[in-house]
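Accompanying notes for the structure given below.
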Amino acid sequence: MSWRSLLCLRMCWAGRMMLGTFSILLVLFHTAAAAACEFGPFPYRATGIVCRMTKPAALLLNQETAQVIQAAFRNAKFPNITGEKSMRLLGRVAYGLSNIQVNDLSIERSEVELKEDNAIHISIKNVSALFKGTLTYGYAGAWFLHLFHSVDFEIESSIDLQLNINLMCQKHQVAPDASDCYLTFHKLTLHLQGDKQPGWLKQLFTDFISFTLKLVLKREVCKEINAVAQTLTNFILDLAANFVRDKDIIVDISLASDPVVKANYIESHHKGIVLYKNTSSVLSDSVFSPSLLTESRMLYFWLSEHSLSSLAAAAFLDGRLVLNLRGEKLQELFEMEDTEEQQKAVQRIFQGTSYNDSVAKVWSLTQPQISLQPEGTVVRSLVAVEVSILLAGEEPLVTLYMEKEITVTVQATYAEKKLILQPVDSSIEIKVFKCTADPSGEDPSIQSFLQNMILVAGIPEVTSSIGSALTSLMNSKRLDLFDIINPEIITRKGYVIVQLDFGFPSHEILGDKSSTCNGDHINKGRDDVLLQHRAV
């Protein structure tokens, strides 16, 4: 397996839940540079979605940082190093280091700090690494003697690594800059293999090679970390874009304002505008304020009423608000209670036909109106219901058609990896009623039965079906692989808050993304570096 594949596999392992501390912070919380992105004078008013991660979440994610850093060290491709020095009597002594590899890498601890209105500081303490390779040296003496030798070497090192992740906004997307990278060497000891090497050789090369190697290590390791950060950022951006896209319905999650870095949390603001077939609405009256979110949970999502209403509108325009019931589902709906009134109504509507040979279609005639209130999500819509009998070789016979204005208050919960929508208050008003069993529409028994059936069983069935459909959609985006702990969905006037804690999942959420991790910035070959050191 190539080093690039190993890098990708380790990155994907470290990508559990949020792909490690610095990578996820690069994506979810973009500290945008004012010069790179321009926002209006009141950017919060255009904010449809907000994400806040608190310090406990950053500390948890920091547990994965070591894996990312180890991968950067192990997979950095070190160039061959050459140099020379002039010495009396011996003349010029030239040397070269080749086949440099890292072995026995370990990290003592990793720390993360959120610097208010600044960068994300990551400190990696005591990175112990053993570098191995081949030292080739030769010299041309005053008597024109040319001697060349090769010897294996090992270099013991103890290094501290400091990263200040600065994030820029380019085209309203995050662009990470991890170039503010420092390596502090506490130990760098050269060991030459074999007992026959002259002592002066080790003394000569220790200083020169150590100095040269420090420069190369800093450059290559920091370059690799920066490349990995960019690779992971691009991958997560693609992952996030895919999560909020389903066919022609797309949620614009580009930045709406400069995010905020505080000592206890990081917060990013996104437009949250829904795009449907190249059309979109404009959000200019968002009620978001940072005071609406607390710091007691690990992760918060704030969604505006406008964003949810736009999603419902797009689903309506895309013809998704349609439900067909037949067989057992239809039977459960019409036989919710065993009464004489129910039996008569069913007989008159279905005319003795079995439920398997009948179908009930429910669909929205108008765009649903969404209103977020403390008691739940209030949905209003004009809904049609049509019951048809399927006759062999003939056109379906419509035995019932009705239109009704429905208002329902729904409370949402997420448990056992399922979204559950529970109606807590409902009302209906029949606008149109056509039934072959009651052509005049003057029989109150059928309408009374249908109205009661819709309130007691019909609306719960529809909301349950919508919850199942949304669960399937989210799970198709692999949300079910995340370890979500005690999530809460809280509605308020004009917005909804989703707050939760999380742990690392037991499954690979990314799989083998070798094609993604195999970017040009990682694949580029590094040319050998010529470092000349001359002394009199």
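Placement of Cβ uses the backbone N, Cα and C atoms for every residue, glycine included.
In the disulfide annotation of TrEMBL, CYS181 is paired with CYS222 out of the candidates CYS169, CYS222. The C-beta environment of CYS222 (disulfide bond), restricted to residues of the same chain at least 6 apart in sequence and closer than 8 Å, consists of ALA178, SER179, CYS181, LEU183. All protein chains considered, the CB of CYS181 (disulfide bond) has 21 other CB atoms within 10 Å. The average pLDDT computed for the domain 'Lipid-binding serum glycoprotein N-terminal' (52-279) is 80.
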